[in-house]
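As recorded in TrEMBL, the features of this protein are as follows:
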type	residues	note
ACT_SITE	A:Asp25	active site, nucleophile
BINDING	A:Asp25, A:Asp27, A:Asp246	Mg(2+) binding site
ACT_SITE	A:Asp27	active site, proton donor
BINDING	A:Lys221	substrate binding site
Number of protein chains: 2
Amino acid sequence: MTPLFLNTPAQYAELVNSVDTVLFDCDGVLYLGENLIENAKNLLEMLRSSGKKVIFVTNNSTKSRKDLKKTFDGHGLEASIEECFGSAYASAVYLSEVLKFPKDKKVYVFGHEGLEEELDEVGISHCGGSDPEDRTFTPPLNYADYRPDPSVGAVLCGADHYINLKKITKAVTYLHNPECKLILTNPDATFPIGDGIFPASGAMSAGIVYAAKQTPVVIGKPSKTMMDAVVAHHHIDPARTLMIGDNLHTDIEFGINSGIRTLLVMTGVTTYDQIYGPNPSPVVPTYVIERAGDLVRMSKE
Amino acid sequence: MTPLFLNTPAQYAELVNSVDTVLFDCDGVLYLGENLIENAKNLLEMLRSSGKKVIFVTNNSTKSRKDLKKTFDGHGLEASIEECFGSAYASAVYLSEVLKFPKDKKVYVFGHEGLEEELDEVGISHCGGSDPEDRTFTPPLNYADYRPDPSVGAVLCGADHYINLKKITKAVTYLHNPECKLILTNPDATFPIGDGIFPASGAMSAGIVYAAKQTPVVIGKPSKTMMDAVVAHHHIDPARTLMIGDNLHTDIEFGINSGIRTLLVMTGVTTYDQIYGPNPSPVVPTYVIERAGDLVRMSKE
């Protein structure tokens, strides 16, 4: 099945009029590295002034919503904290609203301050994370120091640039208790910078997953769990929601897994060949558009 | 299929007479932690005096053959360096004799001195490993510092207690070159100490594997690659070789994958219920014996 390529003002209008909520991936959609995508700012203003809800859905697990808003500020784009939905906050919402995490338990954090900040926001106790004690380690490991702790009800793993054997061993020790849940903010293996490929959150937590012998709950895109958290928090109607993204394997699969319509933009990591070439990707968006900002040229009714 | 339980001197004699080489797992077979298994010392002496070849096949990747011999010395068991075959040495043999690793390339080592020592033994250049530069890291990562290096022909991953994001990022950067091979000394996820479960080699390298998007060559048990290295080096006849071990998923699967007979001992991690219970393991050894040392009570011809 070939997705519909949108390139007329009438098509833009039909799509925008059919939705109440637009979920945006950010990098590759609204900006690319340092540069704004054409009409990105106008698009956000047009959607808000038409009464649409705008939510920024990103897998970055080191940033709280406050940090994400600062990124938008830095690009000269308006965004409220309420509109930001990173995988750190989604994980906190999942623990609090979906899992009803018990108040007398705590979460062992494999991750950074942004993740801790979001757990604080929803009132969930935590340990590990940015604790300097866990951020420093010199072998050998004294195995006798690592004991199960029944007060740890979950291990929450995001990107942790301080990854070391102490952190991994603590997490694996807690997870040896089958009642301790394993949650990943997001499964991304790598991310590109320039022509390089660098290890992302999923690569940092892969050792914990491998040793834990427990299937993790994965929060971030493309997991539907991210959408469950968005719906639990924002009470949106999936039938009138659109996901806009540049990545087939995170954004578009996320929309497909969540049962909502998807719009692929060509300003990020996906090439036209992957969609319209002789061997197209099996991941098929509902619509394709050259750039998200094109939607502002919709025809007026 | 239920495996044959050996418990008569005639059965012991028949088995011993049918083999020229005995491959031993060590912990759980010859000793358990600090304690020698009954008749372990006598068994090794009996086999050697009958002209059998004895090889100690262990997944421990941090120890060179010299280090393994020291472990045997510490238990009061005789062992020559030639009889020791750890996954560190097996990896070096694999690179040198099976892969014919080019002399003008080097191996990036994610592991300890024992692994470097074995690469030195077979004349393969290496970097990383115990280099103090790689063993220390404090975020943030300066991504511009990480560049591909075409002189790195393989990344070899064992247990590395100094795991940090610098090491992972270097490995992933080298592996971005599809000609750079990814090799794991062994796939073990965890190992037990007392009532605890701790992350093993496979857990430490899992992040590199996850980010590399390249199927690794796995050397250690249960991979047949370990047997290919043993055969390449020792020129043994698989039809007259027996693997003795206590672990169904490493030792016994290793024997099965390698097409040789296996003898499970009940002095380690496996319970009788897993073999003769109502829901037996799908991994079925050829023979079962209470303890390896029982073989010394074989009938004389």
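Glycine residues also receive a Cβ, built from the backbone N, Cα and C atoms like all the rest.
Sequence features annotated in TrEMBL and their locations in the structure.
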residue  : record                   : DSSP (3 states)
A:Asp25  : active site, nucleophile : coil
A:Lys221 : substrate binding site   : coil
A:Asp246 : Mg(2+) binding site      : coil
Response to the item:
By a 10 Å Cβ neighbour count, the lowest-scoring of the recorded positions A:Asp25, A:Asp27, A:Asp246 is A:Asp27
Worksheet entry | A:Lys221 (substrate binding site) versus recorded positions A:Asp25, A:Asp27, A:Asp246 - nearest by Cα | A:Asp25
Worksheet item: Once the chains shown are all counted, how many other Cβ atoms turn up within 10 Å of the Cβ of the residue listed as 'substrate binding site'?
Response: 31
Practice prompt. Round to the nearest Å and give the CA-to-CA distance linking A:Asp246 (Mg(2+) binding site) with the residue listed as 'active site, nucleophile'.
Written response: 7
Response to the item:
Counting only residues outside A:Asp25, A:Asp27, A:Asp246 in the same chain, those with C-beta within 8 angstroms of the Mg(2+) site's C-beta centroid are A:Cys26, A:Gly28, A:Val29, A:Leu30, A:Gly245, A:Asn247, A:Asp251, A:Val265, A:Gly268, A:Val269
